[in-house]
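What follows is one structure encoded as structure tokens, with my remarks underneath.
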Amino acid sequence: MPNKKDDKNAVIIHNREQQIVELEDLIMKTVKNIIIGFGKGGKTLAKFLAKKGEKVLVIEKSNQMYGGTCINIACLPSKRLIIEAGNGVDFVDAVNGKNKMTSMLRGKNYHMLADEKTVTVLDGTAKFTGDHEVAVTLTNGQVEEYRGERIFINTGAVPVMLPIPGLAESSAILDSTAAMAQAELPKKLVIIGAGYIGLEFASMFAEYGSEVTVLDLHDNFLPREDDDIAAEIKRDLELNGVKFELGVKITKVDDHTIYYEKNGESLTITADRILVATGRKPNTENLGLKNTKIKLTERGAIVVDDYLKTNVKNVWAIGDVKGGLQFTYISLDDFRIIKNQLYGDAQRKVSDRINVPYSVFITPALSRVGLNEKEAKAQKVEYELKKLPVAAIPKAQVLKDPRGLFKALINPANNQILGVTLYGAESYELINQISLAMKMKIPAHVLRDQIYTHPTMSESFNDLFK
């Protein structure tokens, strides 16, 4: 028989718990969805949830970052400057045009969310105080506390600064973010790091007329790329005035002077600006995650499963903050995965992403999807190699840019495309056609026999896949 005293005690406990929750709600505001960071995945999710009638709180640290990294300090402004350099536009004029563009886009992104009735955009710094509790320090110093039924962490990544003596103290130092805010063209620029970010900046500043030197720890240039592709890229950059010092050890920085060793010799180089382009790391350091059960990797990335869920229920991570590929379009696909969980069949997942293309916006651009020769050989994958010099493409001659090399790896058993590397003009557009063909398992001969408009870079596939 049920014990009436036990039932009475249970009711009392329940009532007290309810009173505690109600009291906490007076102190701490509860919202359905908290999104920390105004980046691509987060803002798209906020807009979607608003259209579903859900309340959303979007917390953004800086009012100069509405829309995220890509719009304000990375993809779009950098590509605008790259294009203007190719058009012969003066650096100062190009920067002014870039600033107008980012300001316009930032405003549009802000109003895209702030004008929604169920969305609140809060300017402030978010810090977890518990698994679902966040304290927000506003720009005026006031602190507001919120509890989120769902929390989506979308704080992106930040530049890595190397522990080189004197580097942080140098008045000449720039990271990739500060480089985008430069209003004056440096006469002499030293870039530390010959990775993709460093090479994009090297290519761009050289186009504007800076004397650019790139220093890198590794002897091999672009070690992930095939040797013939890497050699073509290095040659073209050098012809454009970029100098390379590879296999160096930087010992210290004294304001505008870098001290380094190469082949046992002590050397120095002086520059107006020193750009550190040694990668980016997940932006988790000041999130207060030690106050939660949320797990991090050794590199500080938030650990997520195949559905972008953290180990804490109803807490997700979107975009660069979770590590992996740091691309805007990956963050957008993260949104699709979460959307599918909340308002779909919950079947879409990270591991579904295969053959993701990428482009490096040097001049001309490098674009890839799938395997290259190095990777195919390492994995012992059989392939048939196709190569086409860009100079053989009529449109490249029209563009007055015949530099580059196109390569394709084909499975000899079924004619499926294993991977393509495109180094040449407009490759950043072409690679998307290849990626789609690979996803849809369209064999190479279909691209070979396709009718393309003329003159276009797309018609190069008629010859590449012969």
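Yeah, the Cβs are placed from backbone N, Cα and C, and that goes for glycine too.
Annotation comment: TrEMBL describes H454 as active site, proton acceptor. The DSSP secondary structure for H454 (active site, proton acceptor) is coil.
According to DSSP, D320 (FAD binding site) sits within a helical segment. Long-range C-beta contacts of D320 (FAD binding site), restricted to its own chain and to partners at least six residues apart, with a cutoff below 8 Å, comprise G39, T69, G156, A157, R280, P282, N283, Q326, S331. The feature FAD binding site is assigned by TrEMBL to K79, D320.
Counting only residues at least six positions away in the same chain, the Cβ atoms of V214, L222, I233, L237, V360, I362 sit under 8 Å from the Cβ of L199 (NAD(+) binding site). Per TrEMBL, NAD(+) binding site is recorded for G193, A194, G195, Y196, I197, G198, L199, E200, G279.
Marked as disulfide bond by TrEMBL: C70-C75. Under the three-state DSSP scheme, C70 (disulfide bond) falls in the helix class.
Positions annotated as domain 'FAD/NAD(P)-binding' by TrEMBL: 34-329. Taken as a whole, the domain 'FAD/NAD(P)-binding' (34-329) shows an average pLDDT of 98 in this prediction.
Sequence annotations record features per position, and here TrEMBL assigns domain 'Pyridine nucleotide-disulphide oxidoreductase dimerisation' to 356-463.
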Candidates C70, K79, G195, I197, G279 (recorded positions) - the one closest to H454 (active site, proton acceptor) by CA: K79
Alpha-carbon spacing, G195 (NAD(+) binding site) to K79 (FAD binding site), which is rounded to whole Å: 17
Fewest other C-beta atoms within 10 angstroms, as judged across K79, H454, which are the recorded positions: H454
Whole-number Å value for how far C75 (disulfide bond) lies from I197 (NAD(+) binding site) (Cα to Cα): 11
Maximum Cα-Cα separation in Å among residues G193, A194, G195, Y196, I197, G198, L199, E200, G279, which the record lists as binding NAD(+): 13
C-beta crowding around C75 (disulfide bond), within 10 angstroms: 17
